[in-house]
Ligand code: AMP
Ligand code: ZN
């Protein structure tokens, strides 16, 4: 296992953290100089776009100067500087589940008496932008499906968010492109206008598009799993949930829009290391958020800061503060800005895996209630399809349940990769493992205990077991009550069960890592 940098049979530029990656242009059939020239041309075109968000403009300008200054190679092989020879403890799902619980954060913190600060990982924003462009150009002429074919699958479980996000036509802005597609295909803007949720629909639509473009640039392209493709995948899967009869029966168009925005922002700025890593390294985010839902707090805060720092991205301020529900004229006017801000905060904070067990317990209760109601042929669904924003107690309860269902849909989307068709599931699994292991490498380098599932050495020989643990202890128990609530989720469950059989076979055959992910 000494010095074993993971290299797949077909090297891909976006696998693994940037410092661990070996990018060999010749292996991708796309000479780097040519990438650079075309990237430069495209970036310069992009800079001409009116109302380009500040963050995007800054990143693009930095990428231009970087491109102009680079001649020669960007490649770097740090295999020799990383050691995988140290003895490491095996990981177990029990440990991992324990690490998800934050019942006693102070006790957990006691285990992490460490002085080192979080190291700065990976390249600059400019390098990340550059990578996105280079990656986009790499896909040209490789026979990948065209954008419109890929978008046909958006909002379905078979959507290939990785190919989509890396396609040249998306030009590094998957959330912006996917957001435009999903809102157009569901007639979102005219519905929001007709129901008077939004009074200036054209301006609103433009600002949402600018906002999603700015968020795209804040996802780090050099992070193997929690990059822009993951956000696009979760957004598409969230759309799938939102389209189901149960979820659409209890939500209105504003909720639907809010659900898509929550998915888009839910991991923005993710550094590629988890909450445990932030707190045990006493990293700046852990200090800022006092070890509580550290990354999730950062994702929401970053999203709102980005939105508010530029009028061109600030769609929130266009929502009415005195919305009058036309179907409930007796209701007091509602402040939609407050409603949407609260909804986004709730949903994104709810993606913290530490909240998983609590969420599951409530989901089981709601699913049982729903089943009982169906058996007794009683409709006990909250009648809040129209906009009631929780003004009396009954409405408050309906509102709480609606937000819970939305948060559940987002969390389910977030852990949905084992419920995807096999080839997609495998690509996501490989990425999540590369990210976990890069964290483990960093922990080794810092002489810290390796976090559960982050040990590259033992992880490589127990991929199937690890995935079976994730399926059996996390995903399947969550999706089972969801099927009772949302019958269409049965499709996801069937894919999950097929993938479970796949991993059981790989486990019994002890299939090596390279063979599992061979393409
Ligand atoms: P998030 O970090 O918001 O994406 O939350 C989802 C979490 O689920 C990830 O951080 C991982 O801990 C976990 N996860 C997702 N997919 C997998 C997988 N295939 N294997 C193990 N853990 C996973
Ligand atoms: Zn996520």
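Every residue, even glycine, has its Cβ placed from backbone N, Cα and C.
In TrEMBL, the AMP site is described by 226, 227, 228, 229, 230, 267, 467, and among 187, 322, 414 the residue recorded at this site is 414. Sequence-distant neighbours of residue 229 (AMP binding site) (same chain, 6+ apart, CB under 8 A from its CB) are 161, 162, 164, 165, 166, 174. Most Cβ neighbours within 10 Å, among the binding-site residues 267, 414: 267 holds that distinction in the structure as shown. For residue 228 (AMP binding site), the count of additional Cβ atoms within 10 Å of its Cβ stands at 29 [all protein chains shown]. Taking the binding-site residues 226, 227, 266 in turn and counting surrounding C-beta atoms within 10 angstroms, the largest count is reached at 266. The CA atom of residue 228 (AMP binding site) is located 11 Å away from the CA atom of residue 266 (Zn(2+) 1 binding site). In this structure, 267 are the binding-site residues from 228, 229, 267 whose C-beta falls under 6 Å of some atom of ligand 2. In sequence order, 418, 429, 499, 503 make up the list of same-chain residues 6 or more apart from residue 467 (AMP binding site) whose Cβ falls under 8 Å from its Cβ. Across the structure, residue 414 (AMP binding site) and residue 266 (Zn(2+) 1 binding site) place their CA atoms 9 angstrom apart.
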